[in-house]
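Chemist: So Swiss-Prot lists these for the protein:
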type: REGION; residues: 83-118; note: region 'Disordered'
type: REGION; residues: 97-391; note: region '17 X approximate tandem repeats'
type: REPEAT; residues: 97-114; note: repeat '1'
type: REGION; residues: 132-151; note: region 'Disordered'
type: REPEAT; residues: 141-154; note: repeat '4'
type: REGION; residues: 184-204; note: region 'Disordered'
type: REPEAT; residues: 206-216; note: repeat '8'
type: REGION; residues: 444-472; note: region 'Disordered'
Amino acid sequence: MASRKDERAAKEERAQAAAELAAKELRDVNQDRERGIKVVEHKEEVSGGPGVIGSILKSVQGTLGQAKEVVVGKAHDTAEVSRENTDYAYDKGREGGDVAAQKAEEAKEKAKMAKDTTMGKAGEYKDYTAQKAEEAKEKAAQKAEETKEKAGEYKNYTAQKAGEAKDTTLGKAGEYKDYAAQKAAEAKDTTAQKAAEAKEKTGEYKDYAAQKAAEAKVLAAQKAAEAKDTTGKDGEYKDYAAQKAAEAKDATMQKTGEYKDYAAQKTAETKDATMEKAKEYKEYAAQKAAEAKDATMQKTGEYKDYSAQKAAETKDATMEKTKEYKDYTAQKAAETKDATMEKAKEAKDTTVQKTGEYKDYAAEKAKEGKDVTVEKAKEGKDTTVGKMTELKDSAADAARKAMDMFLGKKEEVKGKAGETAEAAKEKYEDTEFAARKKMEELKLQEEGVKDEAKQRAEADRETAGDRGSAAKGTIFGAMGSVKDAIVGKLTMPSDVVKDKQQQEAVIKVDETRPGAVAEALKAADQMHGQAFNDVGKMGDEEVIVERKETRQGKM
């Protein structure tokens, strides 16, 4: 738990550091945006020379030079400014592209870290799940083993109880059997005793009858003797004695029969009672044995059912635990998968958002550079047109003044005009040659700038392609925008290029009669004491600057 908190704190610190770095870079970019581009213009002053003619010539030469500067120099300045703006826009675009690539790389690194963290978490959860599953499996096996042991114990206990019940039943049956035998023996002994007693009673009755018969016989003899003594009484006593003897005999026989019947009846009753008791004890013993057997079977069934119930409960508990761990494993796997997908989605959204921000930033910078370039080009164009107009007016005024002076002093300046015209022609040719040379240099410089920009754009495109492949193609748009902005800055808008290419300066002096300028220059030189060789007519005194059109290739 502590390691997870430390890891979370480290992630928060890294995220805060990245946010501070991004805020600092944004602040620097805003400061650079507020600074803008400063353009310094230098003005050159032309010092005048001695003399009116020299001043006029220098004025004319200055006018021609300024006209050349309008055609060549201002275009060069505009090209320099455009190139500086292009370089600035290119540098800013490249910086924006580098920043965007760096941010994309950081976002990629963060996404990779998030992915690694998520995979680590998934591995931990997977290991934890596997560990829990293994523990559940071991626990289930342990439960099964315990259940098996319990079942064995219950089985042994059931067998023991069954054995004990069987032994108890056999013991009870033996006891009941012994009890029945004992009771039968006791009944037999009782019957024998009763029979002996009855026999004894019969003997006693028999002895009693014999005794009574003897007594009666004695009494009869006595009576007979008495009767014999009494003559009259002899017959009566004899009858009486016979009668009494018969009565005693009948009574004895009756008593003997009664005792015999009683003894037989008692013997039969005792025998019946003994048999009935034996039968009852036998049935009781069988009933007890059956009850003991039923109780034993019931106990065995109960223990068997209890063992089966315990085994089923243990199995159900094991299955439930296994199912719970399985559900827990599936839930953890689903949560880990959802967390992984969420982290990947957040990293992807962050990367796309950062790429969009850097793309917008690069596009904004390119647009600002383009606007600055267009504005500078427009200002240069307006300045060039204004300068051309001023120079044209100034040249026309100077030409008019010169013509006026020349017309007033025709004879004085006639000889000097040829030399001055020749010098002006040579100066014009030199200026034209220098202008052409400058145009060629500018053309070569523009081609070099184009080639350099093309190489830079190609290298940046390759770098952007590599970085864009690593960032899943999201940087191509930003680098493409920067590239388009750079190309736009290099090539400039078509209307601006057309205006730049088609700028021309034509200084036209009012036509005069042939020799008028030469005469005026000669007269002026003679007036100031300067001599020169007359070279003749110079033709039409008209200065025309050729228009140079160049084509710029597209990158």
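Every residue, even glycine, has its Cβ placed from backbone N, Cα and C.
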Chemist: Report, as numbers and ranges, which residues of the same chain sit near the repeat '4' (141-154): CB under 8 Å and 6 or more residues beyond its ends.
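Modeler: For the repeat '4' (141-154), the nonlocal Cβ contacts are 303, 306-307, 310-311, 314-315, 317-318, 321.
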Chemist: Express the predicted model's confidence over the region '17 X approximate tandem repeats' (97-391) as a mean pLDDT, rounded to an integer.
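Modeler: Averaged over the region '17 X approximate tandem repeats' (97-391), the predicted model reaches a pLDDT of 74.
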Chemist: With helix taken as DSSP H, G or I, strand as E or B and everything else coil, how many residues of the region 'Disordered' (184-204) land in each class?
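Modeler: Grouping H, G, I as helix and E, B as strand yields 21 helix, 0 strand, 0 coil.
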